[in-house]
Amino acid sequence: MACKRHSVSDPISKDLVECLRESMQRDLKFETPYVFVIFGASGDLAKKKIYPTLWWLFRDNLLPVNIKFIGYARSDLTVFKLRESFEKNCKVRENEKCAFDDFIKKCSYVQGQYDTSEGFQRLQSSIDDFQKESNNQAVNRLYYLALPPSVFNVVSTELKKNCMDHGDSWTRVIIEKPFGHDLKSSCELSTHLAKLFKEDQIYRIDHYLGKEMVQNLMVMRFGNRILAPSWNRDHIASVMISFKEDFGTGGRAGYFDTAGIIRDVMQNHLMQILTLVAMEKPASLNAEDIRDEKVKVLKAAKVVELKDVVVGQYIASPEFDHPEASQGYKDDKSVPADSTTPTYALAVVHINNERWEGVPFFLRCGKALNEKKAEVRIQFKEVSGDIYPSGELKRSELVMRVQPNEAVYMKLMTKKPGMGFGVEETELDLTYNNRFKEVRLPDAYERLFLEVFMGSQINFVRTDELEYAWRILTPVLEELKKKKVQPVQYKFGSRGPTEGDELMKKYGFIFTGTYKWVAPKL
């Protein structure tokens, strides 16, 4: 029987709630009035993630007592209709229904356009009314822009004009990716935002930075002396950062075709993880010290060249047992027949500094692959002066599995049990659901929302981080488009194009295929 996995909808234990509240007291005044405004309240992100996350935090008493949630969108909605749209995703238990009703009482809705002032003025009136209800205490404001990039500029401009605090409270703006389409558009967006808000008011959210195992990267690196001496080019052969999905584009093909997997996943999620793997130890756990070190990594990274990239596009595989497998990417009616948008990409990043020179970083991501997982795989070099028969020793690997089944394990060689002296691969395994059975790991959005409330920007993307990340990938994106590079076809449910494996082999990655980690059973 597999060990029980705690759902993100499970309540956090009372002891942990008290501990969290105590640690938050320094940065969060629980009695002060707050408004959390969701722009794009009728959209999928709001229904599937934002409202459910706010409910879980509210249920667990981790939000300020005096808070109001305001949805804003163009749709003609009531609070009742809004509730219907997200309630099933909140997974409310029978004994939580009264608390959920209290949560809904704190929700309201403002209908308005994004490109005119009238709706924003109504929003400000709603905030003013809330302030009057709160004995005229100044209201802290959090604005979540769960919107397409096409309206970022106009919405942020109207916000600045109509809905800012008056200096006796604070305003924070949360921006959802994509943060631009390339280096130029990203810089234009950043320049626009800089005219309206200070850097400490802007929270560019990359939910991968809130995941438990991504958070664990810094602790693993800088909290364990045993790893520090080997974390460099003398001992590490390569680093592979993977993001694999076992489903296709589904209903997102129209949007996805304008972006592609490099913009959708590699430029943000994978590049952020790369910086955490490669950065030097920061001077402190202060947000700016950490982000300074991440920027140094991005500055040292070379621009990715076309010869170091493989792009692919999935095709139908009717024989594969999956409801989407009978349809390839271009079989979707919303995708142009001549689309060259990649659904798979592998890029090799080279970091030109003393620690990492000569160590390839493989960024690999794709849809419709053979499994769903995200992981960081550190492959170490061979043992010097090998005394065992040729080929018996395999490279050791440290693997941090981000999702699913969060785990850290070290693949290494041990003696085969018995009378002989043969060796075999095994692992030292820390599977979170096995080791921490009673702990419910927080959802990434829960963690990040709390950090915005507390004013912590450790896990949010700074302007210069964004610029240097785009600098690395924009030239190859432009070259792929200019040369109309045809993606390599791969079957739905496969490992992806074999050309990707060949490119990794070219740079020294060794895939033996003799060992596979299996999530432990109880």
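Note: Cβ is positioned from N, Cα and C throughout, glycine not excepted.
Since we're looking at a predicted model, the values are computed, not measured.
What Swiss-Prot annotates here:
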BINDING   Gly40, Ala41, Ser42, Gly43, Asp44, Leu45, Ala46, Lys47, Arg74, Lys177  NADP(+) 1 binding site
BINDING   Lys177, His207, Tyr208, Leu209, Gly210, Lys211, Glu245, Asp264, Lys367, Lys372, Gln403  D-glucose 6-phosphate binding site
ACT_SITE  His269  active site, proton acceptor
BINDING   Arg364, Lys373, Arg377, Arg401, Tyr409, Met410, Lys411, Asp429, Leu430, Thr431, Arg495, Trp517  NADP(+) 2 binding site
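Locations of recorded Swiss-Prot features on the structure.
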{"residue": "Gly40", "record": "NADP(+) 1 binding site", "Cβ contacts under 8 Å, 6 or more apart": "Ala46, Tyr72, Ala73, Leu145, Ala146, Leu147"}
{"residue": "Ser42", "record": "NADP(+) 1 binding site", "Cβ contacts under 8 Å, 6 or more apart": "Gly71, Ala73, Arg74, Ser75, Leu77, Leu82, Ser85"}
{"residue": "Asp44", "record": "NADP(+) 1 binding site", "Cβ contacts under 8 Å, 6 or more apart": "none"}
{"residue": "Tyr208", "record": "D-glucose 6-phosphate binding site", "Cβ contacts under 8 Å, 6 or more apart": "Val214, Asn268, His269, Gln272, Ile273, Ala374, Val402, Ala444"}
{"residue": "Gly210", "record": "D-glucose 6-phosphate binding site", "Cβ contacts under 8 Å, 6 or more apart": "Pro442, Asp443, Ala444, Tyr445, Glu446, Arg447, Leu448, Glu451, Asn459"}
{"residue": "Arg377", "record": "NADP(+) 2 binding site", "Cβ contacts under 8 Å, 6 or more apart": "Val239, Met240, Ile241, Ser242, Glu397, Leu398, Val399"}
{"residue": "Gln403", "record": "D-glucose 6-phosphate binding site", "Cβ contacts under 8 Å, 6 or more apart": "Lys211, Met213, Lys372, Lys373, Ala374"}
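Each residue contributes its Cα atom, and for Lys411 (NADP(+) 2 binding site) and Lys367 (D-glucose 6-phosphate binding site) these two points are 27 Å apart. Candidate binding-site residues: Lys177, Glu245, Lys367. Nearest to Tyr409 (NADP(+) 2 binding site) by Cα distance: Glu245. Ala46 (NADP(+) 1 binding site): 24 other CB atoms within 10 A of its CB, across all protein chains.
With respect to Cβ neighbours within 10 Å, the binding-site residues Lys177, Arg364, Lys367, Lys411, Arg495 differ, and Arg495 shows the lowest count. Each of the recorded positions Arg74, His269 was ranked by the number of other C-beta atoms within 10 Å, and first place falls to His269. Cα of Arg495 (NADP(+) 2 binding site) to Cα of Lys367 (D-glucose 6-phosphate binding site): a span of 10 Å.
Taking Cβ-Cβ distances under 8 Å and a sequence separation of 6 or more, the neighbours of Glu245 (D-glucose 6-phosphate binding site) in its chain are Gly366, Lys367, Ala368, Leu369, Lys372. In this structure, the CA atom of Arg364 (NADP(+) 2 binding site) is 19 Å away from the CA atom of Lys177 (D-glucose 6-phosphate binding site). Pairwise Cα distances among Gly40, Ala41, Ser42, Gly43, Asp44, Leu45, Ala46, Lys47, Arg74, Lys177, the recorded NADP(+) 1-binding residues, top out at 21 Å.
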